[in-house]
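Here the structure comes first, spelled out in structure tokens, and everything after it is commentary.
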């Protein structure tokens with residue numbers, strides 16, 4: 001059924017949800033479990049993102065098709081047209097239709113740069129803007145697809161948009177073109193400034209359409225760092241009144257930040273609904289593949305809580321399957337029959353023995369999380385049925401053992417998180433790219449012609465004289481200052497460092513440099529470094545040195561652009577390098593170095609060398625240099641396991657012997 005028709009048929013307020021295709025197979029399986037739980041929130045539809053230039057095409061199509069066929073919720077697949085061949089567009093639309101998907105969100109996507117721009121011009125692609133894609137779908141497929149488009153309450157920005165002001169009035173002209181071309185609904189970019197959205201909504205109703213479905217895009221605040229990161233990527237302003245609710249003393253406390261963030265989103269929804277007199281009745285959540293904050297928002301929101309209440313009324317308050325306290329009757333088992341989740345008040349010795357354990361080399365730690373095997377998890381009770389909607393919502397909110405297990409990855413952790421998490425990877429979910437415009441890239445990094453020029457770029461980043469490199473625009477963390485000189489020396493020697501951290505032992509969670517998580521905790525870190533190194537330098541110098549020490553002291557992963565991989569660890573191994581111990585809480589892990597995530601990042605990291613090379617014409621010195629690095633260098637990740645010896649990793653790397 002089309003989103004347009006569903007919208008007009010639904011009288012009461014509702015939500016919709018965006019997901020992105022995870023980078024790993026286990027992440028995808030865990031995401032499907034999560035999406036099944038979140039259907040209890042009765043979303044009108046879900047959307048699945050499409051990577052720039054079709055970089056996630058196969059994963060997007062697979063996830064969207066699986067969701068359409070198994071969730072009983074209409075799926076809307078994103079489709080970007082810029083830098084995407086017409087054949088890919090046609091194939092995607094045909095596969096969507098055959099899978100039962102009838103809703104498409106037509107987007108332009110990131111504009112091509114460098115060689116891609118020249119190629120797109122020479123090929124005379126029919127798709128330069130989203131309006132071209134809308135028009136093409138409507139002309140080629142008629143009413144087979146309900147087509148949505150994006151809107152920008154604060155105005156659209158290209159890259160860093162140097163020297164350009166965001167202008168929503170200017171963007172309204174383009175939005176009107178998309179609607180006139182046949183767009184059936186509109187979803188906005190994320191925002192936190194309600195006044196700017198309400199102004200935009202009035203303009204939209206006055207100048208474009210009185211009744212076209214318009215969905216405000218909302219992103220829950222899961223951590224302070226990623227709150228700012230998401231706002232920066234989306235060019236969304238943050239009102240001072242919201243910023244003031246996150247004083248410095250709580251910014252590293254993810255639980256406190258999330259709690260305040262839930263309150264803020266509830267207030268935004270309430271204000272939008274009231275001040276539009278209910279014209280805005282659907283709220284689109286950018287989930288980041290996470291569930292806890294959204295379930296809490298829906299349950300506590302005066303506008304949306306009827307969703308939860310109606311679920312309880314439909315199922316009957318006396319159904320034991322609907323009570324979270326009785327979920328011991330609904331164990332979750334893996335395909336081998338292992339009980340990995342159990343909410344009984346008294347855990348039996350047998351169950352304790354069957355729980356899975358992990359270790360951090362010298363210290364064995366029990367992790368309270370849902371671990372998915374290669375065969376996946378399933379919910380079972382005596383009747384073989386799923387838990388009730390009320391129970392599923394309670395789980396998504398993080399209540400009980402099942403809830404804690406289901407939301408074990410609830411804080412986005414980027415590419416150094418657990419690759420089993422649906423949220424593993426970049427927070428935008430759109431694939432690898434240089435997240436600045438061409439002009440900004442040239443301003444930041446110039447035109448590198450020699451390896452010495454590349455060293456200078458990495459060193460300037462470490463010195464703070466430039467705030468980004470092609471792989472990261474987040475800037476440096478405070479703890480990097482503790483190993484700044486060592487990292488600079490490594491780069492002088494040709495070890496181009498991408499990521500690193502110093503070691504620490506039992507540091508307070510309130511520490512101004514290392515601090516994170518709830519109060520009164522103790523934090524631990526192993527030193528690690530990730531870097532690009534010439535293959536010959538790796539094979540003749542660094543690898544023999546690491547092999548000499550052995551994997552109990554130093555472990556490593558290494559790979560190159562051809563897909564090669566080597567390690568001194570056992571297959572499918574991992575190392576937790578940052579963890580915290582907090583009162584009345586299981587051990588929390590925030591940084592993990594593991595084989596599967598390394599391989600996924602290896603491919604992305606080398607693709608960024610190629611993207612950087614495309615900024616320069618073929619066969620120019622800069623283009624040749626960057627392509628040679630792509631071809632001749634390795635990516636190496638090294639972990640030092642004795643976190644009490646805080647200097648040993650850096651001494652080993654800088655030792656000339």
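Note: Cβ is positioned from N, Cα and C throughout, glycine not excepted.
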Per Swiss-Prot, the candidate from 311, 358, 564 carrying the annotation phosphoserine: 358
125, 301 - residue that Swiss-Prot labels as phosphoserine: 301
Where Swiss-Prot places phosphoserine when the choices are 120, 359, 433: 120
Least surrounded among the binding-site residues, given as 21, 22, 109, when other CB atoms within 10 Å are counted: 109
Local Cβ density at residue 49 (NAD(+) binding site) - other Cβ atoms counted within 10 Å: 23
Euclidean distance between Cα atoms of residue 20 (NAD(+) binding site) and residue 78 (FAD binding site), Å: 10
From binding-site residues 22, 49, 50, 109, 178, the one whose Cα lies nearest residue 286 (substrate binding site): 49
Fewest other Cβ within 10 angstroms of its own Cβ, chosen from the binding-site residues 19, 129, 152, 286: 129
Shortest C-alpha distance to residue 19 (NAD(+) binding site) - which of the binding-site residues 129, 178, 189: 189
Cα distance (Å, whole number) from residue 129 (FAD binding site) to residue 50 (NAD(+) binding site): 16
